[in-house]
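These come from TrEMBL:
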DOMAIN    11-412  domain 'Major facilitator superfamily (MFS) profile'
TRANSMEM  9-27  transmembrane segment
TRANSMEM  47-69  transmembrane segment
TRANSMEM  76-94  transmembrane segment
TRANSMEM  106-130  transmembrane segment
TRANSMEM  137-156  transmembrane segment
TRANSMEM  176-196  transmembrane segment
TRANSMEM  221-243  transmembrane segment
TRANSMEM  263-288  transmembrane segment
TRANSMEM  300-318  transmembrane segment
TRANSMEM  324-347  transmembrane segment
TRANSMEM  384-407  transmembrane segment
Amino acid sequence: MVQVYKKRFLMLFLMCFTNFSLMFQSFQYTSISDVVANYYQVSDVAVTFTSISGNIAFVVLVYLGMLIVDKGGIRGAMTFAAVCNWLGALIKYFSLQRSRFDVLIIGQIVSSIGQITSMPLPPLLAAVWFANKEAAIVVGLNFGSCTLAVAFTFVVSTVLFKDSENINNVATDLKTLAIIVISVTSLCLVLVVIFFREKPKTSPSFSQNHREQNEQQKSSLILLFKNFDFNCLLIAFILNFSVENTLTVILNQSLRSVFGDDTTVVTICGTSFMVSGIIGAITIPLLLDRFKSFKLISMISYISSVIGLIAILTSIYFANTISLYVSIVAFGIFMYGFASIAADIAVDVTYPFPESKTSGVMFFTSTLVGITLAPTASSLIDKIGIYFTLIILIALMIIGGIALFCAKWNLKRNEIEIKDSNQSSQLQTVYCVQNGAITKC
């Protein structure tokens, strides 16, 4: 018997809220990189480190994250993430003096440690609480909430930091921001501790039923890397996710290198990129859940994101702001759309391998590449310019597209759902006897 509960939407909200606040903290300083660099008297690359320092923590501690999910379950993983989220925000309150950039980095690392359990969680939450036809949109909504968080960082830069030349005003604005973040993360922690639950009374899908009946199945990472489809998806996801995060980190620096200190262009581009990402992260998983055309939707999304990045390069080259805005919107929709469905498809092709380990490996490897790519791209902008830097990112995306095209698309979880739902329908069929003949009623 399979059944879904309304309480699943509360679990989804709490997960999205936690990841929203974690992601906001990760990018809250890179969106105002010029302000932070001037206030703390550090370089743009050092400000970029406020974002990738969390990635380093994720890479180093990812195995710990898997252990926490395995031993503590979904509730333990969420509580751990919420505690790190709050503690990191609290530490950064003590970094407001201009000489305490090191304390700021420590706070960033602590809050980002929460991502070792929260980032791999969406596919697992989808499997434990939601029906199979809702799995992709659960992952998509989580991506959407993370994207919304990054968009909020650009809004904050416009609303709070209007007078970035006045050091006293910047100090006041940073303090206001710190208090707001502490308040939000405190609320998040309280809600998770009080309301988050481990799992429902009955399984929400046939595939989850099978998994629970075969809990002793091997889950060695060697088996995961022997899966050809997973390796193809992994390469595509690594390059997609790394380029996406890199562009988010260097967007401010990139646009300033062409348009100068025009904050309007930076704000519109940053907000448009994130808002379009939210749209893509929700609509493309909805299409996947509705039509189940895994290969077609994935390929269209990925190819369109490459075309969008090429259009961004062209727009920047000709300094055409209108074309740039349109290109960034298109790129955001398909880039984030693919990222949101890739994690769900990876769970499908590796079924019944544990979702948390599958997504954990995907985020670990993509983060490992991102640690190198983001600061490298930031440094390359200063050395060879934004144009050649974007060409390198486009080349990486094309490599990912080739890997995606080579996948065989052996969708094991989807096959289980189709097979069991058909069997269930046959068992529920009622037969009648009419004129000596047996027929369906």
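The backbone N, Cα and C atoms fix where each Cβ goes, and this holds for glycine too.
All annotation found in TrEMBL is predicted automatically rather than curated by experts.
Among the listed stretches 176-196, 263-288, 300-318, the one sharing the most Cβ pairs under 8 Å with the transmembrane segment (137-156) is 263-288. Panel annotation: around the transmembrane segment (300-318), residues 236, 240, 243, 254-255, 258, 280, 284, 324, 326-328, 330-335, 337-338, 341, 386-387, 390-391, 393-394, 397-398, 400-401, 404 of the same chain, lying at least six beyond its termini, place a Cβ under 8 Å from a Cβ of the stretch.
The stretch in closest packing with the transmembrane segment (221-243), judged by the count of Cβ pairs under 8 Å and taken from 106-130, 176-196, 384-407, is 384-407. Counting Cβ pairs closer than 8 Å to the transmembrane segment (176-196), the top stretch among 9-27, 47-69, 76-94, 106-130, 324-347 is 76-94. Same-chain residues lying 6 or more positions outside the transmembrane segment (9-27) and placing a CB less than 8 Å from one of its CB atoms are 51, 54, 78, 81-82, 84-85, 88-89, 92, 108, 111-112, 114-115, 118-119, 121-122, 125, 129-130, 138, 141-142, 144-146, 148-150, 152-153, 181, 184-185, 188, 191-192, 195-197, 248-249. Contacts between the transmembrane segment (106-130) and the transmembrane segment (76-94): present, as 3 or more C-beta pairs lie under 8 angstroms, all at sequence separation of six or more. Here the domain 'Major facilitator superfamily (MFS) profile' (11-412) has a mean pLDDT of 87 out of 100. Only residues 6 or more beyond the boundaries of the transmembrane segment (384-407), in the same chain, are considered here, and those with a CB under 8 A from a CB of the stretch are 228-229, 231-233, 235-240, 242-243, 246-247, 250, 254, 257-258, 295, 298-299, 302-303, 305-306, 309-310, 312-313, 316-317, 349, 373, 377.
Taking Cβ pairs closer than 8 Å, the transmembrane segment (263-288) reaches residues 31, 136-137, 139-141, 143-144, 147-148, 150-151, 153-155, 157-158, 247-248, 251-252, 255-256, 294, 297, 301, 321, 324-325, 328-341, 344 in its own chain, all 6 or more past its ends. Long-range contacts of the transmembrane segment (324-347) within its own chain (CB-CB distance under 8 A, at least 6 residues past either end) are made by residues 122-123, 126-127, 135-136, 139-140, 142-144, 147, 230, 233-234, 236-237, 240-241, 243-244, 265, 268-269, 272-285, 288, 294, 297-298, 300-302, 304-305, 307-309, 311-312, 314-316, 355, 358-359, 362, 411, 413.
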